[in-house]
């Protein structure tokens, strides 16, 4: 009789128990790492992106050498949709190029306008001017490509997916809870088909795994003997805002930071470790599958949180959620999406880096082209021979401006002219600095043409 009594007591000790502490620690640490990844700051901004600024500078240099007629086609007060045919023609019929030229003109009128005026006065060779025109077109193309690449770096989308993985569809920690107090139904049912809300968020799964059940004296320590004190000693009410309790639990994670920085590879590795833990069967009969956490005995009462009977603190995923690997688990799907978006973003980030290198090289080329001027002696000799002709050209142009008299409106209609109130009567409409520069360039081109003609005939 005594032996039977001993047998019964022994059987009870084998089947029923209480949480002594740390039963779920290994599973908890896997979810801790996933939590750390989901809370990572997403930083996808390139260290340096000079494409837009350098493209604008090259554009200004090019437009500084353009004739006044071309410049007059771009109206800073009008958008492409409001512009006339000649304005659209100047932008090659491209709204993006029109916006680029508008920006270039605005920059040319900015604080560095004196520097650009110096460019206008340079007597560049015809070959250098042609190459500068080509360089400006390449700079525009690089800036447009860079702009498109930057738009594909969707850091916000990565952050949104990570937040949903952590807290669920709403992205709010207060909603990481169950619809009622039936913990087993939501976390892992006794019918071995999984919990109705298992996998909705990492936060909820951690609460199913670590939250203290009212009937379980040491339930707060299921995920580690260190999980005690303050909010951690309170019973988990599955229907209320769990933010305070959840934050207190994850503060006890040994893995407060992921083993590596947020990356597609880090997410994949953490999910692989999660799958490894999930592969272990639970219950004395080994018939609880796809489950994290502790189940006492046969697990007949499911993930009730109470290990003093045939249940315990655990989370069991539904079979249907695992038909396509792990992707049926909502938070796994969101985390995988974050990894894919991050991978695509890193590709665009790399392309943007290469575009920056390319435009910096183009900038060096333009710098060298600005030194390709007509030789000083040739300029001097030609200026002696053609000085009168150049002076006459400017005088004639100035006289053409003077024809507008003191009518500011008429003056504005004349290419290369500007209205100056301080000039004497009849001369208020005079040749602008841009107009003078255009005549200087015309003279330089004549000189360069003569040089090329002489070279070709010798």
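Using N, Cα and C of the backbone, Cβ positions are placed for all residues, glycine too.
As recorded in TrEMBL, the features of this protein are as follows:
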type: COMPBIAS; residues: 381-394; note: compositional bias 'Polar residues'
type: COMPBIAS; residues: 395-413; note: compositional bias 'Basic and acidic residues'
type: COMPBIAS; residues: 431-458; note: compositional bias 'Basic and acidic residues'
type: DOMAIN; residues: 6-360; note: domain 'Trypanosome variant surface glycoprotein B-type N-terminal'
type: REGION; residues: 172-196; note: region 'Disordered'
type: REGION; residues: 381-458; note: region 'Disordered'
type: SIGNAL; residues: 1-17; note: signal peptide
Fill in the blank from the handout: Counted with DSSP (H/G/I as helix, E/B as strand, rest coil), the region 'Disordered' (172-196) has 8 helix, 0 strand, 17 coil
Completion exercise
When pLDDT is averaged across the domain 'Trypanosome variant surface glycoprotein B-type N-terminal' (6-360), the result is 87
Problem - For the compositional bias 'Basic and acidic residues' (395-413), the number of residues DSSP places in helix, strand and coil - result: 13 helix, 0 strand, 6 coil
